[in-house]
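Asks: I'd like to ask some things about the structure below.
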Amino acid sequence: MLVGPLLRLPQAGVRRMAHYKPHFNPAKRELRIQSLQLNIDRAKCFSTTLSQFQSDALDRTRNIGIIAHIDAGKTTTTERMLFYSGFTRRIGDVDEGSTVTDFLPAERARGITIQSAAITFHWPPGDGAEGQAAPRDPALPRSANSHTINLIDTPGHADFTFEVMRSLRILDGAVCILDGVAGVEAQTEQVWKQASTYKIPRVIYVNKLDRDGAAFGRTVREVSSRLSVYPAVCHIPWFQAGNGSFIGVADAVNLQGLRWKEGEDGRSVKMLTLEQLDAEEPSLAEELRRARIALVELLSEQDETIVEKFFECDEDHQAVSPMDILDSLRRCVLDPTSRIVPLFAGASFRNMGVQPLLDAVVNLLPSPPEAPDPEVSIGDVKGGLRRLLSGDLILEQTEQVSASSKGKKKKKNAVRPNPKDAIGKLQSCALAFKVVNDAKRGVLVYVRVYSGSLDRNSLLFNTNLNLSERAPRLLKMYANDAVEVDSIPAGHIGVVVGLKHARTGDTLLSYAGNKPTPPEPLTALQLRPIDVPPPVFFTSVEPHSLSEEKRMQESLDLLLREDPSLHVTVDEESGQTLLSGMGELHLEIARDRLINDLKAKASMGRIEIGYRESGMGVSGPVTKIFDKDVAGRRGKAGCTATVEPFDGETPADIADEDVLMSKTIEGNRIIIRAPGLQVERVRDEEETSPFLPPGMDLNTLRTAVQNGALAALARGPQFTFPMHNTQVTLTINPAEHLFGGDSTTSAISAAARQATSAALRDLVSGAGTVMMEPVMNVIISVDEASLGSVVHDISSSRGGHILSLDEDVSLSTDAETLPSIDPKRVYAPTDPFETSSVGKEVPVTASRQRTITAKVPLKEMVGYLKHLRSLTAGRGTFVMSVDRFENMSAQRQKAVLAELRGGF
Ligand SMILES: Nc1nc2c(ncn2[C@@H]2O[C@H](COP(=O)(O)OP(=O)(O)OP(=O)(O)O)[C@@H](O)[C@H]2O)c(=O)[nH]1
């Protein structure tokens, strides 16, 4: 934005803003969050008969999350939010391990948030039902009425990136907390980009301004340069006498000062008008006027309405009403093309700045109907939920399917589904965003409902697992307290109790009719689908005794439902159970969960890198006939398998009518062919064949063959690492491979496994296999002084490949790369001990932050943080994510194998 010539102090005779905040009492100039005790009592006394959701009007609901760099103060801020809203009686303390949101013992012990907990509270305090009948008074800010806030606490550690994505996708808005000392860090950039992928409207809160070295102005400039957005500075910090301790904020929207008393719980806030500030803190008053001008100027660049208001006020920046500014900020926040992000200031630990931030959540972030349309997919077709509900997306999907099946023989009795019929039958769709094992209530599945209403006792079809299960109980959660409800309407967040299968990330549908599955193609519907990155670390899990094995398996199953980015495989030959995950900390936390929380009597081995194995050529077709009694039942089935290299991208040629399935799973492609099966679509949704074993449907056959192939692919033939970039084609010929009732699912699975394993072994005698290792995308933030040594260390000692210095290299393929913003053109107040203010050059000094983007083998990154800290005097930070698996050179392979064998 242009601040230069326009940044001038307003003319004399400035009009005073009318104060508008009803819960701030201007007469007393002292705010006390009202009737705290009353609100706590109310919170405890929710009627269990009334559906609490009914009283929470959607436009007075905010589904928000807090995103930040680790340790920026998410938990500390959340605890204050809960306290000021009357939800808790005392402020929890992360350092004492007494917080509400971090309620897993493992989290409390580590002081980090590892699990997203959803909490509902009201702001301003009330029960969210007040004044529901009365329409909103447009002259008052939304924060004049009590709102229901569903807060999802997202994890901050890099190992939990996938978990961050999972919680982000159900948010309608987010607060991004920055550490006022550290500024924008590599991980902030990463999580910011992730939020941009889902186009989530955001506000920024600069925290920890009480700490020595806090630099609000520098942080604001970093927001523009590193996050590529225009910070709309709504608050500036108030340091006593310009450079003393942090005592409050000056509010550029309402043109007032908010001062908190040192050492109190923060419920008392002294408010000062601009005139009072002039008398008490003239330099702050002057800066506040600058901030107001900059704010109006910035908004004017993107919002026509504020320009009109500005002209109506005779071009007096101070005369524009707070309501007009709030409305303009809101329009910008909700406009996906706008790059304006409102920015607030505080020190949560000192209980300063949290109530105005809560007002901002209510005033500026969207209600569920105002939030960006969530992405859904049906098969390969993607689009918005609204397009799905209109039937257009289904139409597109059916057209695509019929186009791709052109040239195929028409199936007998084929019926094309009517999109309107399918949508008409859809009663609700919801996303299970978190599965939590509650000691008292059992397994809780947190859901966000996107359309319709999820009712108690309805049958829920899980499109990820292809099964239905009933929802016997529904709850609305208040951290560890719960209220029983009859339904969860669209836009709301609630909990389903009693589901046996649903996992974190699954899409759940309820539909009309008594069929076991919803009409096609709804069975393939996915809400906000995300790609699960491959696990790169693994460890073995061993029960203490044979009798503990069942218990351990149950605990592992639960762990996997909670966190599907963990994987469990059983090595067929050694019988060892292997648990794999995204990072060392990820597996350490899983170990804690398993052993300390779930009380599994098991021990875990060393955490090791998950290498992969890949074939160098094509195997011959190998046929295996399995013929054995399984659990007292005769089983006989056969299968032919061929394996070949697969580049991970080339689409499968599915124009072959014999192809039953072609799926890429965990970096390998599984193709199932069944020539001569003569598949027929009988009715709308059922496929069958006269040659299937009695009682078996096509889906069961597919799953059995797939599971057999997956079990074989889990162990490479030469190095015993899981196979990668491998395509296996399995052929089931009914005449040769199916033997009526003897061909049970386990016999078919066993035949598929044996055939795949034999084809893999065939590779070894032919072209051979090669080891692959995970290569990471690494983004390192360091100061100028350490740049040289860090770059040298990465490229020479760690075999890394530097991609860029300082350039914005997008980690996510979806995130759009925005043109950069010149921080010189952004308003930022002077930091204490800094000389000039606006329009300054970002100084090129030793403290300037530099960003290194590189590709480095994961093996070389183990324990890197400690090393980076020593190279950068403790200031360097980094984030990394898996780029891909790469073939290892013969020399590197030999060295790694020697190390592994030596048990190093
Ligand atoms: N001085 C100061 N310290 C703060 C402030 N806010 C948080 N802290 C401290 O910073 C540390 C991290 O705070 P948390 O609230 O746990 O941060 P978090 O972002 O939730 O961290 P994760 O859960 O690990 O992602 C704790 O020691 C807090 O006491 C603040 O405003 N001022």
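Glycine too: its Cβ is placed from the backbone N, Cα and C atoms.
TrEMBL annotations: computationally assigned, not manually curated.
Sharing the record's features from TrEMBL:
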type    : residues                : note
DOMAIN  : 59-369                  : domain 'Tr-type G'
BINDING : 68-75, 153-157, 207-210 : GTP binding site
REGION  : 400-419                 : region 'Disordered'
Asks: So which of the binding-site residues Asp71, Lys74, Thr154, Leu209 sit close to ligand 1, that is, with a CB under 6 Å from an atom of it?
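Replies: Among Asp71, Lys74, Thr154, Leu209, near ligand 1: Asp71, Lys74.
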Asks: Tell me, by DSSP, whether Leu209 (GTP binding site) is helix, strand or coil?
Replies: coil
Asks: Restricting to the same chain and to sequence separations of six or more, state which residues have a Cβ under 8 Å from that of Leu209 (GTP binding site).
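Replies: The list for Leu209 (GTP binding site) reads Gly180, Phe216, Pro237, Phe246, Ala345, Gly346, Ala347, Gly353, given in order along the sequence.
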Asks: Give, as a single whole number between 0 and 100, the mean pLDDT over the domain 'Tr-type G' (59-369).
Replies: 86
Asks: In the three-state scheme derived from DSSP, which category covers Lys74 (GTP binding site)?
Replies: helix
Asks: Measure from the Cβ of Asp71 (GTP binding site) and count the other Cβ atoms within 10 Å, all protein chains considered.
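Replies: Other Cβ atoms found within 10 Å: 18.
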Asks: Helix, strand or coil at Ala68 (GTP binding site), per DSSP?
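Replies: Its secondary structure by DSSP: strand.
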Asks: Other than its own, how many Cβ atoms are within 10 Å of the Cβ belonging to Lys74 (GTP binding site)?
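Replies: Looking across every protein chain shown, the total is 29.
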